[in-house]
């Protein structure tokens, strides 16, 4: 929100902290995925596409894997590989995002199949409303990014104007999706008969929520802190040639 | 996440869009507060500190008023008054934040009193866990900001190093708090007997969630977009004198 003295990107201390945070983020992300699997696998009946009682369980698992872990890593690639050439990183960024989107689509399919087979109405909860909005926005953002940054004919001026919007929107949507997950875990926990007393299943759900928030916080910090911004390898006048 | 050509802050078109978005954000913020009041006032039994059945209703109202509306406006002041002197804006920023915090404390008191009077355990839900974390982080951020940016003896170098952390953390926490609200509305809606069928009360709850997300999105966009960044009035070498 203000002018500041940027920390030198080549500063070894800054780089050490950065790498430590990247490692922490990856550990947190893997813990989130494993915790989701363990929570649903051991305490909510396991996973099966043929057993209508547990089809639902694929929903949180694929959402955490796709829209949290892969999305988080997709927005981190520009910072982790900030000294490399841009085009392969752009492609990696796009591929991780489309994988995240595909996992999310399967996750949505799981919840619709579960509801239909159990005659539960679809799209009644706030979680479903804002979750669907988030998924649509994610899709729009992906297509806009693909057209703007990977179609070689796009003028640099347009890319320059859209980039801050893309970055601001993308990192905001990421944090928002963590919030959508929190509302999903809240629903699942309340559907538990034990509530409001806390048993292992509910504590695990809450712990998963806390881990998701921690993962989101570390990723958000890494992608928004100006000290970890990408270093341009080529001067602006040669950038158009290099990026195609 | 990348270098870009910043949009000229004096660009009249950019300024028009900015002001339109500020007006939209304020309308959305007021709608959020009114909708919260109407939802709880007309559909969840109204407001009273003496009736134990409805003490709870102060909780969402004061949270939306404080940690959403006032917090949102507090982080917006640097951008709205970006051409003014910094010290009065700093003070306004701090005052709006402490008001937000006080509303939040009363809101927390309301939910504890409600639980105690109804013999419901405290702090069992994920909403309560992450909500409390958010409130503590908010308090830490406020005190750190006060010491760093309003104590005249603080060196400019320290302020410069802490500022991006303060800004990144503060805007991330704001979006996170919107997520905490979503989980709270999710809880309240599920406690409704009508669920999963949607009646006016549940639709209002969901609509409030959507409005909160829209308010959060507009504020987040305004405070993170580099085109709306504050314009410095004094050169860096004179800044220390001017800010004290």
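The first residue you see is number 1, and the count goes up from there.
Each residue, glycine too, has its Cβ placed from N, Cα and C.
Annotation comment: TrEMBL describes B:17-41 (among others) as transmembrane segment.
Among the features that TrEMBL reports, domain 'Cytochrome b561' is placed at B:24-224.
Residues or ranges marked as transmembrane segment in TrEMBL: B:61-81 (among others).
Marked as transmembrane segment by TrEMBL: B:93-112 (among others).
Positions annotated as transmembrane segment by TrEMBL: B:124-151 (among others). If you look at the transmembrane segment (B:124-151), the same-chain residues 6 or more away from its ends with a CB under 8 A from one of its CBs are 67, 71, 90-91, 94, 97-98, 100-101, 104, 108, 111, 158-159, 162-163, 166, 169-170, 173, 176-177, 180, 183-184, 186-187.
Positions annotated as transmembrane segment by TrEMBL: B:163-185 (among others).
Taken from TrEMBL, the feature transmembrane segment covers B:205-223 (among others).
The stretches the transmembrane segment (B:93-112) and the transmembrane segment (B:163-185) do not meet in space: the count of Cβ pairs below 8 angstroms, excluding pairs fewer than 6 apart in sequence, stays at fewer than three. The average pLDDT computed for the domain 'Cytochrome b561' (B:24-224) is 94.
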